[in-house]
Amino acid sequence: MSKQWMSLVGALWLQSMAGTNSNFPAYSSQIKKLLSISQIELNNLAFASDAGKLLGWFAGIAANYLPLWLVLLIGSILGLIGYGVQYLFLTNHIHSLSYWHVFSLTFLAGNSICWINTVSYIVSIQNFPLDRQVAVGISTSYISLSAKIVTDIVDVVNVFTPSKRAETYLLMNSVLPLFFAIVVAPVIRDMKIGKSRKLSDGFRVMFVITIATGIYAVITSLKPAISKLLPSLLSLIGMVIFLLLPIVVPLFESMKEHWHRKCWIRRDPRICDLSKLEEDIKTPEEVINCGVKEDNDAGFAVMEEIGPKKMLMKLDFWLYFFVYLFGATLGLVYLNNLGQIADTRGFTETSSLVSLSSSFGFFGRLLPSLFDYLFSRPIN
């Protein structure tokens, strides 16, 4: 169980760096000036980042044939190329780069997000079969924190050189996902769970940590009011601490497993009670039956693989499609133009708006998962 939880923590960390396109409004105005492009061309760059996700199915196909760590590495390298070449161009290390080159690189960078997301989804679903909705919901909520985290880093790095913020954003977008991919690659794997059980206690702790993280993110995004009380460096350190907090769940589970293992070896009832542990030891048939029964009792359907044709015939797919089309897509259009909206209103703290929208977006993704956890559990 400790390895299961550690894989979820790894997915959280990956997602916290996967939303690289969400910080585009923070430096879009500088990109517009540096590239000497029109507003329409700038909008096309924002579109290119989102359009890159249209080829996200390549990541799904690759995950069927390649190990997850390799899929993760491929996605990170695509982001490194997409954002890294743009960074080299803005810093004059590459002197000849046309607008369409930048468009293609932005498209490539947008596609890289899908590879990281695919790995996170697979880990959350396969390693938590009875709580897959909750695991996916918690992990995907962290993608909204990407803009907040990167903005905090940029505020610290460019405290004396605000004119270099665009370059720093591109540099962070290129190297941070690759760094996190290398760090979590050893724990990101499909555990091939033979037996699964409800993990209510662990998810309670996870929800407390994630809600506290979101509250901290919102408070520290209220600039410049909060900057007088909490400097940029301390704000970043606090954010890092909150990102590390979820690791307490796998650490506690590891300690509990270690204690149970000692008890099992000693087999001494005077030292510990093995009755609960012995109840968990079942034959493979009992394990399978138990897993299916718990799944059905919780109101969840047994996991099944469906093809594209069957998927298109399902009402759930079309509900999700139209909700995303008329809901989330409009939000993306607004966020992509947030920098230009702030400029027209004479607001100079665009990065604080990006951090604030990122923090509230975190709650927007987390709350459905929390409600699902609270209201879909069976009543004993």
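Placement of Cβ uses the backbone N, Cα and C atoms for every residue, glycine included.
TrEMBL does not curate its annotations; it predicts them automatically.
According to TrEMBL:
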| type | residues | note |
| --- | --- | --- |
| DOMAIN | 4-251 | domain 'Nodulin-like' |
| TRANSMEM | 66-90 | transmembrane segment |
| TRANSMEM | 102-123 | transmembrane segment |
| TRANSMEM | 169-189 | transmembrane segment |
| TRANSMEM | 201-219 | transmembrane segment |
| TRANSMEM | 231-252 | transmembrane segment |
| DOMAIN | 300-375 | domain 'NFD4 C-terminal' |
| TRANSMEM | 317-335 | transmembrane segment |
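With a threshold of 8 Å between CB atoms, the same-chain residues lying at least 6 positions outside the transmembrane segment (66-90) that come near it are 14, 20, 34, 59, 97, 102, 105-116, 118-119, 122-123, 166-167, 170-171, 173-175, 177-178, 181-182, 184-186, 188-190. Proximity of distant same-chain residues to the transmembrane segment (231-252), defined by a Cβ-Cβ separation under 8 Å and at least 6 residues beyond the stretch ends, is recorded for 2-6, 8-9, 12-13, 16, 148-149, 152-153, 155-156, 159, 202, 205-206, 209-210, 212-213, 216-217, 220.
Helix first, then strand, then coil: DSSP counts for the domain 'NFD4 C-terminal' (300-375) stand at 60 helix, 0 strand, 16 coil.
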